[in-house]
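S.K.: Below: one structure in structure tokens.
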Amino acid sequence: MAEEKKAKAVKAAKLADPIKASIDKATQEMIVRAQELGIDTVFDRAENMKPCNIGMQGICCKNCSMGPCRLPLPKGGIEGEDTRKSLCGATANTIAARNFIRMVAGGAAAHSDHGRCVAEVFLSVARKESKDYQIKDTDKLLSIAPYFDVAVTVEVDGEEVDRDIDEIALEVAEKAMNEWGKAEGELYYLKRAPEALYEKWKKQGVLPRNIDREIVEIMHRTHIGVDQDYKNLIKQGTRAAIADGWGGSMLATDLQDVLFGTPYPVQSEANLGVMKEDHVNLILHGHEPVLSEMVVAAAQTPEMVEYAKSKGAKGIQLSGICCTANEILQRHGIPTAATFLQQEMAIITGACDAMVVDIQCIMQNVANVANCFHTKLITTHPIARMEQENVIHIEFDEHHAMEDATKIVKLAIDNFENRRAEVMIPRHKNTQIAGFGVESVEYHLGGSFRGSYYTLNDNIINGRIRGIAGVVGCNNARTRHNEGHIEVVKELIKNDVIVLTTGCNGIACAMEGLLTPEAASVYCGPGLAEVCETVGIPPVLHLGSCVDNSRILLAAAEVVKAGGLGKDISDLPAAGSAPEWMSEKAISIGHYFVVSGVYTVFGYTLPTSGAPVFHDYLSKELENLYGGMWDLEVDPIKHAQKMIAHIDKKRKALGIDRARERVLMDMASRQALEA
Ligand code: BF8
């Protein structure tokens, strides 16, 4: 009877229309495949469960057991005074602001706890307690040491000599660890922001004291009966968001670069088609490179490759999903298998011998999908386990990292011969060049003579490059997979705006072929195409994972430093975007972009629309305080056009709007002559 009921429920469930669900051919094929096999994916589930309209608008308070109190907007909107209130009297503004900054807390906690884990590994390396990790990039270590007030030279007999690198490492590691909980002062990295921005933060009283404190204080202030002023609440959200972008995330990026190497451009491929039927497919999914770096190293040892061959495979094909994909791509050129929304599909290929996961963005349903196949699903992190019985837990510990990683690789190899379903790997994949960063952008666009962002600035000033956009963030099953990402990015580059990408936007762009220098002549306006062709770079530069959004902040700070484009990030012809965001991390990122001076547009929705006064505060008033502001635009073309309008506004304010007209005119007349 129960079985019959279940069968009926499955039958009654609506199935996703593959074409409406995704613009990507591989994804469309795999949606069909999953439906043929009777396996539900996130796309089908989105058809059968609608989001709560009141929650979406940010006006449901469930912070005490008298609620949840829901404050729907009256039909026809609010006329006159907004009298909505919860049982305790909290207004819509208070509730929306509380919910919003709790999302900031969640996002900042996720990025920063990731950063803490890297800092712990770095400390144990500096203490010589972890034999399997080493410091790979001493130059990076030396470049960040001064921000922690750690001297890199020492005086011996009246002469300045280089300090011992191990001593520097230990001091940096201890001071970095302290950023999460120091009792006094403010975060060291705040001084990396342009001075004008730092002064704005100081004036507003939002300089973060330590990372953990700002997150804890959000939880306190949003408890029933504490902070009841949306302006004061968002101020704390601002502190925590800055502690994420210029703190936890930036520390994660820097310490990862020190430990695992600073990325430089590498060629690779993206989409499910990177999986190989005749290889052991081991997929790395999650976020922290502490795990994935070791698995990559273990899988590339001759012993493991030989072992795979002894089991009848041609080799080991590693690939990545979500931001772990971006980490192993940018440092090792490991191909990217999937964006967030495709994770179930990687298993549905029938060729995934093992999927190893750590933290963040792992759908619990991958365990159910793995159960339909031979796939071993391996959790590795003590804070992220799964209840399903088929999941294997191998706890990863930096003190015996290589041993753990080898165990994982072996498990995948041993599972190769257990494949039981017909393998169906979609044939779609594309070439990508990834691995850009502050350093490599300087190398490619900086000009060796000036050794700074001078050439980039010059091209912005002369108008070949109209402006800079950071387009980042997730997929969201409530919008057509990758459509927002790709349409926004294409519209921007068509209008000569160079795009810096991270996260799942980076993966989407890679799948679409936008991360190649050749994309410039196909998709870009004439100015950007000329720059990309001259320098040999793609018009969309992949800067890594979500914590690497800190690279975008630092690149913006470098542009300010190079001169000619104002004194603050908010002066730059620049804008930010997350067309398909879904996670709390995206809200934290969005907010630190905004309060760092960037006009930031989100797609899909913002959880503020039910509290118009608070929404207006975020989208209008914040500009007066920090120079940046939030916006929401669902239509991708309008979304990009709003960013371009903001870029043009900034060009005008800088007095460089006419230069662009001249350049494009020159180019047009040149082209006319050539014709
Ligand atoms: O870490 S993996 S879905 S949350 S964008 Fe978004 Fe993608 Fe998750 Fe940022 Ni990265």
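Cβ from N, Cα, C; glycine included.
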S.K.: Same [4Fe-4S] cluster 2 site as Cys61, Cys64, Cys69 according to TrEMBL: which of Cys52, Cys88?
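M.R.: TrEMBL names Cys88 for this [4Fe-4S] cluster 2 site.
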S.K.: Of the candidates His287, His381, His393, His444, which one does TrEMBL list alongside Cys323, Cys361, Cys474, Cys504, Cys546 as binding [Ni-4Fe-4S] cluster?
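M.R.: So, going by the record in TrEMBL, that would be His287.
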S.K.: Pop the Cα-Cα gap between Cys52 ([4Fe-4S] cluster 1 binding site) and Cys546 ([Ni-4Fe-4S] cluster binding site) into the table, whole Å please.
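M.R.: Checking the Cα atoms of Cys546 ([Ni-4Fe-4S] cluster binding site) and Cys52 ([4Fe-4S] cluster 1 binding site) gives a distance of 27 Å.
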S.K.: What three-state class does DSSP give Cys361 ([Ni-4Fe-4S] cluster binding site)?
M.R.: coil
S.K.: Would you count the other C-beta atoms found within 10 angstroms of the C-beta of Cys60 ([4Fe-4S] cluster 1 binding site) for me?
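M.R.: Result for Cys60 ([4Fe-4S] cluster 1 binding site): 22 other Cβ atoms within 10 Å.
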S.K.: To which of the binding-site residues Cys69, Cys88, Cys474 does the lowest count of other Cβ atoms within 10 Å belong?
M.R.: Cys88
S.K.: Compare the Cα of Cys64 ([4Fe-4S] cluster 2 binding site) against each of the binding-site residues His287, Cys323, Cys361, Cys504 and report the nearest.
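M.R.: Comparing Cα positions, the closest of these binding-site residues turns out to be Cys361.
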S.K.: Given the binding-site residues Cys64, Cys323, Cys504, Cys546, return the subset with CB under 6 A from an atom of ligand 1, ordered by sequence, or none if empty.
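M.R.: Cβ under 6 Å from ligand 1: Cys323, Cys504, Cys546.
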S.K.: In DSSP terms, helix, strand or coil for Cys61 ([4Fe-4S] cluster 2 binding site)?
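M.R.: DSSP assigns Cys61 ([4Fe-4S] cluster 2 binding site) to strand.
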